[in-house]
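Written out below as structure tokens is the structure these notes cover.
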Amino acid sequence: LTCLICPEKYCNKVHTCRNGENQCFKRFNERKLLGKRYTRGCAATCPEAKPREIVECCTTDRCNK
């Protein structure tokens, strides 16, 4: 599985996940409309969202756009 890993909205940096990491995730704060920063990467399980945070998980290559 390969996941995107950069914080910008439009991301092209790809990372190959390790064994056991079978999900890509994207995490961001729902309140910041301008200058939104994303946390992207690989995970074994979908990370839990903190208050006012959105976490999206998926299981195909580069799906965490």
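Glycine residues also receive a Cβ, built from the backbone N, Cα and C atoms like all the rest.
In Swiss-Prot, the cysteine linked to C3 by a disulfide bond, out of C24, C46, C57, is C24. Between C42 and the candidates C17, C58, C63, Swiss-Prot records the disulphide bond with C17. Of all the disulfide-bonded residues given, namely C6, C17, C24, C46, those whose Cα is no farther than the 10 Å limit from the Cα of C58 (disulfide bond) are C24, C46. You'll find the Cα of C57 (disulfide bond) roughly 9 Å from the Cα of C42 (disulfide bond). Rounded to the nearest whole angstrom, the C-alpha distance between C42 (disulfide bond) and C6 (disulfide bond) is 12.
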